[in-house]
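**Student:** Dumping the structure here so I can ask a few things about it.
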Amino acid sequence: MQKSLITTPIYYVNDIPHIGHAYTTLIADTLKKYYTLQGEEVFFLTGTDEHGQKIEQSARLRNQSPKAYADSISTIFKDQWDFFNLDYDGFIRTTDSEHQKCVQNAFEIMFEKGDIYKGAYSGYYCVSCESYCAISKADNTNDKVLCPDCLRETTLLEEESYFFRLSAYEKPLLDFYAKNPEAILPVYRKNEVTSFIEQGLLDLSITRTSFEWGIPLPKKMNDPKHVVYVWLDALLNYASALGYLNDLDNKMAHFECARHIVGKDILRFHAIYWPAFLMSLNLPLFKQLCVHGWWTIEGVKMSKSLGNVLDAQKIAMEYGIEELRYFLLREVPFGQDGDFSKKALIERINANLNNDLGNLLNRLLGMAKKYFNHSLKSTKITAYYSKELEKVHQILDNANSFVPKMQLHKALEELFNVYDFLNKLIAKEEPWVLHKNNESEKLEALLSLIANALLQSSFLLYAFMPKSAVKLANAFNTEITPDNYERFFKAKKLQDMILQDTEPLFSKMEKIEKTEKAGEASPEKNEKEKKDAKEKAPLKQENYIGIEDFKKVEIKVGLIKEAQRIEKSNKLLRLKVDLGEGRLRQIISGIALDYEPESLVGQMVCVVANLKPAKLMGEMSEGMILAVRDSDNLALISPTREKIAGSLIS
């Protein structure tokens, strides 16, 4: 079995996690699930970076020790990944004793090899970036030298330092990237890296004496004033977490196929420093370095000073974990910057998740129950729908091909093209007409095609939306496993099925007409204030009705037995409803824009049973179905538990 490693960067504990951290970690979790289904033994590693001058300063401001401060923030990161149900195998902290031993041992190896030497460093140091700036690159403004990367003021420092001979690895690095053109994705990021290397590499300062919070040098170096600088310390986590130099469980076997997920701001460190360190230690180089962009908020870069830093956990609690996963992975081409807005999130939920996929499953389950008592045979699919089946398989294979290329948005786009195709096929074939015309064999072939396509799609959907995919597969009495992936997704085996009802995959969300800006009250808050004010306002006398009037209204539980469209009307449906009276009542209801007729059969509803009969479009209506409508959609009111048709509601 192929062993592999998928990593996030270890997150710096100078602040709590935000949506950028969540995005990186969700990508890693997606790849873990994708490659696990393909049969790989994947080790998914994340963690926290806890050393450095910024941590020392942040702890001092809070009257804490650096370790106590790091403990508190690291716990927040770990708790957030647990909230998101992320399937990580290791959570490393650079304050772990085993990591410290690994870094010290690696330092000794590199020193004895001659790749580390002692010297002195003079330059403008940026505390925020934890690095020195070349004087020629720094921006000299009003006698202040600003960091060219973050534009914060730097400090002129001169200190003794140990250096790594990065300059010796220019050619090996260029040779590696020439032989492995897709080692960095997107590929244009690799071109940036090779261009930087070709300009010439300077040796790298890897220790500091200006602060104490870091890993001390090995005792045999006899140089206690030095601590290992953040990048040698931090990058070695990918090896120390697997037991490098102390590998009792043979975890380092995963290291030979490593995929690192990083943001574009730390590309240089991972694409130049890290492979050079690996070459020095005679360790295998990574298989892929996958580099994503940044998220802005309503077009503005996230900033604590602007108050627009987004907490991914709060968003997920409001809109759903699966829904947020889908949005982040679908909305933006991997590698590019993306803009987050609640309005766009809601549009994705309603259009793609609720309408395209959720309603498709609901319609299928309703028709399978109505026409075939949940049981579908696949034997006639190829006789009636061979071209359609081939089309579905072509789209699924195409979607699958995008994941190893890190084109995750395209994979999801193609996957949802399957659902769009199936919805259009229902509209074209009109299964209710097939049933009316007694074309039972063709109808069963159509529904079985849709069922098999949905089942097969669930195995790719699983990487992106695991809980939704499991629910989808469960509707077809199938589990998401590597064996079933081989059987249904790769081999495209068609299956006779007994379908089972499942709760809706998604819920429709209310649209936000005006997006929330930093410093403004949210739409949710405004709505709550309006609601509170409305509740506090006294009712006008003419709005009251007496209890005797209310008692006249007879509301009963009804079971919809039949549902049909009414010719020449796009709003009305003809429903036959069982109210426990020994006959079916005909009720004309204006819900055709929100419900397909076949999806209503078998649904429990609330009916005003003693309404005076009236004619609508020439059809007699003997009651009213109760529903609730907002500005965008309508929903039927149903009992939360199954009741006997005709039960009186009081």
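Quick reminder: no glycine exception, Cβ is built from N, Cα and C everywhere.
Not my notes, these are from Swiss-Prot:
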- 11-21: motif ''HIGH' region' (MOTIF)
- Cys126, Cys129, Cys147, Cys150: Zn(2+) binding site (BINDING)
- 301-305: motif ''KMSKS' region' (MOTIF)
- Lys304: ATP binding site (BINDING)
- 513-535: region 'Disordered' (REGION)
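Can you walk me through where each of these features ends up in the structure?
**Tutor:** Confidence in the motif ''HIGH' region' (11-21), given as mean pLDDT, stands at 92.
Its own atom aside, the Cβ of Cys147 (Zn(2+) binding site) has 21 Cβ atoms within 10 angstroms in the protein chains shown.
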**Student:** Of these binding-site residues, Cys126, Cys129, Cys150, which scores lowest on Cβ atoms within 10 Å?
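**Tutor:** Selected from the binding-site residues Cys126, Cys129, Cys150 on minimum Cβ neighbours within 10 Å: Cys150.
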**Student:** Sort the residues of the motif ''HIGH' region' (11-21) into helix, strand and coil with DSSP and give the three counts.
**Tutor:** 3 helix, 2 strand, 6 coil
